[in-house]
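Participant: One structure, as structure tokens, below. Some questions next.
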Amino acid sequence: MENSRTPTNKTKITLNRTPTLKERRWNTLKVNTSNVRCSTPIFGNFRSPNLSPIENMGTKGKSPVSPMRFATFKKVPTKVHPKQQQQQQHQHCHRTQLKPPPFVLPKPQEEIIEPEREIKSCSSPDTCSDDSNMETSLALESRRRSIKASNHSYVVNHAANVEQILMHMGLENYVTNFEEAHIDLVELASLERADLVKIGLNTDEDCNRIMDVLHTL
């Protein structure tokens with residue numbers, strides 16, 4: 001203990017420490033305000049990380065990021081000939097007077113098809129008369145069959161097929177003739193004697209028997 005003592009030589013010890021505000025040299029960085037656009041202002045000595053170009057908002061009258069002066073982009077007025085000016089005014093008036101076309105509802109498909117059928121059928125007077133006669137005869141025939149079928153609506157609605165009606169009325173011997181002719185319930189209710197001859201029932205006895213049964217339905 002007697003031999004130990006405090007050293008008398010003074011030594012300077014340097015330690016790492018946080019730099020003060022005065023030593024922050026990176027805060028004095030300048031940015032070209034004409035090429036950088038940013039809206040973050042500067043408050044005191046604190047600068048935003050993105051190096052905002054807005055500086056001294058209170059002292060400067062205009063913002064450095066304000067748009068460029070319009071005077072540099074003003075178009076030089078050119079002299080217009082009176083005739084050319086009148087023509088431009090006429091074109092402008094003509095465009096303003098244009099109105100959209102009136103909206104027309106499309107016609108139904110049936111109204112379009114019917115005139116086409118009439119034109120095709122009446123291309124010549126002979127064919128027109130023949131077609132009209134055929135159409136009237138078909139219309140009359142379909143109307144006659146529908147009227148007769150309506151009178152037998154109960155049978156038509158409650159029977160499964162033609163065979164069932166013939167078996168029920170005792171006409172099972174004629175089932176084959178009706179099936180080969182592909183006669184359905186509506187046609188069965190509106191059959192006439194001439195129709196029976198067409199399906200192969202030529203004898204008067206068969207025709208009379210079938211017609212009597214159909215009339216009693």
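Yeah, the Cβs are placed from backbone N, Cα and C, and that goes for glycine too.
The phosphoserine annotation in Swiss-Prot covers Ser63, Ser66, and the record cites experimental evidence as its basis. Summarising the annotation, Swiss-Prot assigns region 'Disordered' to 83-106. Under the heading domain 'SAM', Swiss-Prot lists 157-217, citing sequence analysis as support.
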Participant: Run through the domain 'SAM' (157-217) and tell me, per DSSP, how many residues are helix, strand and coil.
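Facilitator: So the counts come to 42 helix, 0 strand, 19 coil.
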Participant: Can you give me the average pLDDT across the domain 'SAM' (157-217), rounded to a whole number?
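Facilitator: A mean pLDDT of 78 is what the model gives the domain 'SAM' (157-217).
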